[in-house]
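Visitor: Input: one structure, supplied below.
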Amino acid sequence: AAVPAPLLALALVLRTLNCFLVQTSFVPDEYWQSLEVAHRMVFKYPSPAAAPADNYGYLTWEWTSSLRGYSYPLVFASMYKALQLLAKDNVQLLIWVPRLAQAVLAAFADVKLYSLVQHLENSETAKFVFFCQLCSWFTWYCCTRTLTNTMETILIIFALSYYPIKGSKMGNSCKYLALVALAIVIRPTAVIPWMPLVFSHFLQEQRKADLVLHSCIPVGLVTVGTSLIIDRVFFGEWVLVQLNFLKFNVLQNLGTFYGSHPWHWYFTQGFPVVLGPHLPFFFHGCALAPGRYRVFLLAVIWTVLVYSTLSHKEFRFIYPVLPLCMIFCGYSLKHLKAWKKTAASFLLLSNLVPALYTGLVHQRGTLDVMSHIQQLCSNSQQSQAFVFILMPCHSTPFYSHVHCPLKMRFLQCPPNLTGNESYVDEADVFYSNPLGWLNKEFYNDTLLPSHLILFNVLEQEISSFLALRGYEKTATVFHTHVPQGRVGSHISIYRRKTEMNY
């Protein structure tokens, strides 16, 4: 059945609005695994302030260790290239065009979810699932971000619409497997939610050999081959990033470097937070839904269980199963007899507060501070300016949000890749003795940065360095109401007074 045009228009308007109402940062990967890489791919002229080898951009250790593939950044690099060719590569467009593209994809995914349920059930159930999907605060928070998790979630919905579930006439093995393969190329962990789904399909398939020979193998060869070629072009050598990713995260378990959580974290915190006010509806929907949907529920439980075995846990890792949960939530809403309107109003209002708060308030400082750095590009001081971001590493985006060859530096924090027993990263060394580190690093006044950017929790500790070296505070930017550890509630911008007397 065709999707009603007003529904698509509604989704497009809502996701565009969604895009502009998300002005906060979530995780560093949003920039460092997509936009920063794309910026470096397109704008490769070296900065006058840095060594010629500096390609006007920075690649994190995952790229130097070939753990990530270029397929996803290539999407944004092509947008950047188009803007460059049109001579429209100003910093605001570089920031918003990728986000808007992600928003448009999200809108099409919302509509795909509607048509899937409409096909499997009826228009009424589909409307409730669509409503639940649009209400979800976590989807609102993530769906316009340039995260691989976001792309994986969008591809899950697209692939599901061709998945041969019982009672579906839209099933198309080649199409859904191609979308699954694409998701795995972009983010290797996409294999997790698809394991039970593909296995279930294999079991119910009469012509098993045909499925393997005519669908699985050709699709696998084409996608892996394309991914290999793309990575060969940009890495300059043959490399299978998906294998490296698996070795690093699963076999060596180096992900713990970024923090570890107890095994039950997804059950006690992760899943309840991501689902939010939808949680009771999800459980109710699971009890009501017909047996053929068990495979979706199995995929959700399996994904949460597998991620629970890995020590490094994040909310966004289980985001790809959220659309599956929405099918059950919508099913629940449709079958509420007397309370339908009350339940729908509750869902809308209870999701509105976290959606707006996390989108507009919580952790916005690290993006707001970039507009202060951008101002250094427009004046004649650009060649003398040197910005040092004294924050937990990758707190802010980098050249993708500045787009001028400004000299910038931040504290590094690659994990222990050498196996050195006494390894400590630069950020940890700095935080163990900030004042001592600064005095040692900048023993000579000629090396001093013109601008320092730091969280207010650090100010007291390094106040003597700031005063002695002639730094004055020029701006304070709000960041969060819940400062933790090294992250303060505000960001302070310091400028060196003598620096500006050229």
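Using the three backbone atoms N, Cα and C, a Cβ is placed for every residue, glycine included.
Note that this is a predicted model, so its numbers are computed, not measured.
Pulled these from TrEMBL:
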SIGNAL    1-19  signal peptide
TRANSMEM  176-199  transmembrane segment
TRANSMEM  211-230  transmembrane segment
TRANSMEM  263-283  transmembrane segment
TRANSMEM  295-311  transmembrane segment
TRANSMEM  317-333  transmembrane segment
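Are these features on the surface or tucked inside, and what are their neighbours?
Guide: Within its own chain, the signal peptide (1-19) has Cβ neighbours under 8 Å at 96, 99-100, 102-104, 106-108, 110-111, 114-115, 118-119, 123, 130, 134, 140, 143-144, 359, counting only residues six or more beyond its boundaries.
Counting only same-chain residues 6+ beyond the ends of the transmembrane segment (176-199), those with a CB under 8 A from a CB of the stretch are 69, 71-72, 148-149, 151-152, 155-156, 158-164, 215-216, 219-220, 222-224, 226-227, 241-242, 245-246, 249, 295, 298-300, 302-303, 306-307, 317, 320-321, 324.
Long-range contacts of the transmembrane segment (211-230) within the same chain, counting only residues at least 6 positions beyond its ends with a Cβ under 8 Å from a Cβ of the stretch, are 69-71, 74, 173-174, 177-178, 181-182, 184-185, 201-202, 205, 238, 240-242.
Long-range contacts of the transmembrane segment (317-333) within the same chain: residues 109, 113, 117, 121, 125-126, 128-133, 136, 138-139, 142, 149-150, 152-153, 156-157, 160, 189-190, 193, 266, 270-271, 274-275, 278, 281-282, 284-286, 288-289, 293, 296-297, 299-300, 303-304, 307, 340, 343-344, 347, each at least 6 residues beyond the stretch ends and with a Cβ under 8 Å from a Cβ of the stretch.
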